[in-house]
Amino acid sequence: MRSGILSKVKRIVIKIGSGVLTCGDNGLNKPLMGSIAAQVAELRASGRQVIIVSSGAVAAGRKELGIDGRPRSIPQKQAAAAIGQSRLMHAYEEAFEPFGHKVAQILLTRDDLAHRGRFLNARATLDTLLSFGVIPIINENDTVVFDEIKFGDNDSLSALVTNLAEANLLVILTDIDGFYEANPRTNPDARLIPLVRQITREMERAAGGSGSTVGTGGMVTKLAAAKKAGQFGVPTLMLNGRNPSLLAEAFAGREVGTLFLPGKESLNRRKHWIAHTLRPSGKIIVDDGARTVLARQGKSLLPSGVVRVEGKFDRGACVRVCGTDGTEIARGLVDYSHDEITRILGHRSGEIEAILGYKYGDEIIHRDNLVVL
């Protein structure tokens, strides 16, 4: 199964974590970066296109600034990113130069992908770089980002880039051998799971916390990334990036690491963008009847099923749809503002025009703009 999946792959997103790229407090691990570059060059020689999502800027910059451990404040982190990003890119240039490959830097924030026009422009830029044989190196723009526009971690970013780039495989290089049934750092008898057909809540609960002192992600965020990628039909391969040949071995047919299979019912790319890239502006609380219809039948959300509205938002905004118990059941783009929904909630669609004096449509959220979670 694995060899059949990997043999069909043409465009790959490879996420490389800080725990792989750095030598603890001693900055970037340039010999290992050279090994990764050699393996990526093999993939390119086989006709595959590669995009790298790379952590490491903050870790590289903190050494230059003499900061021990993780930066203690956001300004410190952003200063470390500012000095470290140029050093990170220079290290990639040095790593790929022996193989004749050029690299390009792309720095993103969530806003860049949430705005549909900028999203499509970023996709066009990626396509153009790849057509010239360039290897894009993508990172979050840590120097200017703040909570409202940050991805949170590069695992999440890598899953979104997989959608952005229309890739057909996500590879996560981490500092352990793959996904285990328990934390291998605290349980030496933990068993590696080579194949995951479905990410369960039990797996998410067992995933634990952050794995290193230099990164912000842990197994929880890696599972979330694999789940997001799987929702639009893309498998994820998790490998130990500290092994200097494991990436090449995986594509040579050796069953290493953990392969996460995509879900049977995948989202189209637009719905994936709605569910995972847009930041919700508010909440719409629905009754049990509407909850059942949305979850089981994939219908549009009508005003008759709405109980109340939380937050302020305009028409076209992304909102959470929640049950009366607070559980989020869907996300979608609204056809009416918070004020308009407040006025028409609980009413039949045929009454909308009489209440508002106009009507955009029968639905609060049309099913084409609604993603059940």
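Even glycines carry a Cβ here, placed using N, Cα and C.
Features of the protein shown, as given by Swiss-Prot:
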BINDING   LYS15, THR174, ASP175, THR216, GLY217, GLY218, MET219, VAL220, THR221, LYS222  ATP binding site
BINDING   SER55, ASP142, ASN154  substrate binding site
DOMAIN    281-359  domain 'PUA'
All-chain count of other Cβ atoms within 10 Å of ASN154 (substrate binding site): 26
Helix, strand and coil counts within the domain 'PUA' (281-359) (DSSP): 28 helix, 21 strand, 30 coil
Collapsed DSSP category at THR221 (ATP binding site): helix
Neighbour tally for LYS15 (ATP binding site), based on other Cβ positions within 10 Å of its Cβ: 31
Using Cα positions only, nearest of the binding-site residues to ASN154 (substrate binding site) (ASP175, MET219, THR221): THR221
Candidates SER55, THR221: member of the binding-site residues with the richest Cβ shell (10 Å): SER55
Where LYS15 (ATP binding site) falls in three-state DSSP terms: strand
Per-residue Cβ crowding (10 Å cut-off), top of binding-site residues ASP142, ASP175: ASP142
C-alpha spacing of LYS15 (ATP binding site) relative to ASP142 (substrate binding site), in angstrom: 17
Inter-residue Cα distance where the pair is SER55 (substrate binding site) and LYS15 (ATP binding site), in Å: 8
Pairwise Cα distance for MET219 (ATP binding site)/SER55 (substrate binding site) [Å, integer]: 15
Reported mean pLDDT - the domain 'PUA' (281-359): 95
Rounded inter-Cα distance in Å - THR221 (ATP binding site), SER55 (substrate binding site): 14
Inter-residue Cα distance where the pair is ASP175 (ATP binding site) and SER55 (substrate binding site), in Å: 13
Local Cβ density at MET219 (ATP binding site) - other Cβ atoms counted within 10 Å: 22
